Protein chains: 2
Amino acid sequence: MDKEISQAVIARLPRYFRYLGELKDSGVERISSQELSRLMHVTASQIRQDFNNFGGFGQQGYGYNVEYLYTEIGKILGLDKKHHLIIIGAGNLGQALANYMNFERRGFIFTGVFDINEKLHGKMIRGMKVRPMEEMQEFVRENNIDIAVLTIPKEGAAAAAEKLVGMGIKAIWNFAHVDLDVPDSVQVENVHLSDSLIKLSYMINQYENELEEKEKNASGEA
Amino acid sequence: MDKEISQAVIARLPRYFRYLGELKDSGVERISSQELSRLMHVTASQIRQDFNNFGGFGQQGYGYNVEYLYTEIGKILGLDKKHHLIIIGAGNLGQALANYMNFERRGFIFTGVFDINEKLHGKMIRGMKVRPMEEMQEFVRENNIDIAVLTIPKEGAAAAAEKLVGMGIKAIWNFAHVDLDVPDSVQVENVHLSDSLIKLSYMINQYENELEEKEKNASGEA
DNA sequence: TAGATTGTTAATCGATTAACAATC
DNA sequence: TAGATTGTTAATCGATTAACAATC
């Protein structure tokens, strides 16, 4: 059995993939862990360790072939496969994601939008008409939907998630501000925007407190 | 000098704050680390360690007073202070965040929106008219803006960030798909939505590979 | 071949968990 | 007082960094 890959490594993979994509696009053919280290502001040692979780992609004395590494990491990330995706909740955020995310670029196929609000039914969002929630089950089955993007208020999120689990969905990209309780067979990635903004508030506060302390110390020494 | 708080702890604080807020709202007066542990699916030991980074908020034999702890964590997070915030980029995502985020609830005061696109100038978004980028500098100074929400394409993000730094902004909530290079005095919180979705793709892939392996092993043993 | 750089083992560092004395 | 539960120290675990032999 393969060794378990740590969450820390997994969280770093998309960033490697992004940098390698940019290097590839700008025509860079090869790169050493040290060069990549300088570019990404992480240690060369960590880069080599991370890659070696998945096998040896480099060559001693040469470094890594950018295009090859990019492709391999893409495969590790499952980006060589197509994923069919629906959006649950056609409000501000749901609409924005549909229009903004450029899903198709990475093999995510935007297939439908659902909302409980009757007034939205039939409205077109990125070429798809908004459907009532009642049609979801049939739709998911018929269109082989893998991923549900949950952009509804937190009150309805748990119930929606349970329904989705029952339909055999593989993953939920959760923007609702609750932690969903689903079986291990269903993958959940949370995007808790409020938590992220609150963290920013903490960092501002922290920095200002440190400044104050420094000033106090400086005046004390003077 | 106080001991440095680890990133891991900081990242957990908003979640504690959220759970405590919900407990408070549902009228719970006190909670032990063990009860909270069961609720949040983290160890009681970690909860106590995390809180004790900031001082003793509990009482032996009793546990934690929910309202008090909620208030104290709020202060640690800087949520007792008001933060003035502008959105740079009035596209899909910028508009959605303005309408969806409920900034005021946590003391973030939505003060203005800016965009390079002339067609959007004057359009009203959540009660604020979209302004041209040229007015930004004066606006930031006059309105004491603390936080800029960056919802523009990645091409313009670095330049915008540099301008904002020059204006003395305190923090950037960055939705552009690049890693910004700013001085330590400016806090950056990245929300890389594509990275998040790619991580979900990895998790789906990983789970399916594991399943396959298990089946293979099972048939081998049979 | 000599130089460069990986892959990998070992050392260090930090974060999490366990244990328990302090104390409400 | 006895029971409960914190605050905190110690033990464990895991992740990061350093070092270097393998090898292109």
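Yeah, the Cβs are placed from backbone N, Cα and C, and that goes for glycine too.
Here's what TrEMBL has on this protein:
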type     : residues                                             : note
DNA_BIND : A:15-54                                              : DNA-binding region
BINDING  : A:GLY89, A:ALA90, A:GLY91, A:ASN92, A:LEU93, A:GLY94 : NAD(+) binding site
DOMAIN   : A:78-179                                             : domain 'CoA-binding'
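Proximity to chain B, defined as a C-beta distance under 8 Å, is registered for the following binding-site residues out of A:GLY89, A:ALA90, A:GLY91, A:ASN92, A:LEU93: A:GLY91, A:ASN92, A:LEU93.
The binding-site residues listed here are A:GLY89, A:GLY91; among them, A:GLY89 has the most other Cβ atoms within 10 Å of its own Cβ. Taking all protein chains in view, 25 other C-beta atoms sit within 10 angstroms of the C-beta of A:GLY94 (NAD(+) binding site). In terms of DSSP secondary structure, the DNA-binding region (A:15-54) contains 28 helix, 2 strand, 10 coil. Over the DNA-binding region (A:15-54), the average per-residue pLDDT in this prediction is 98.
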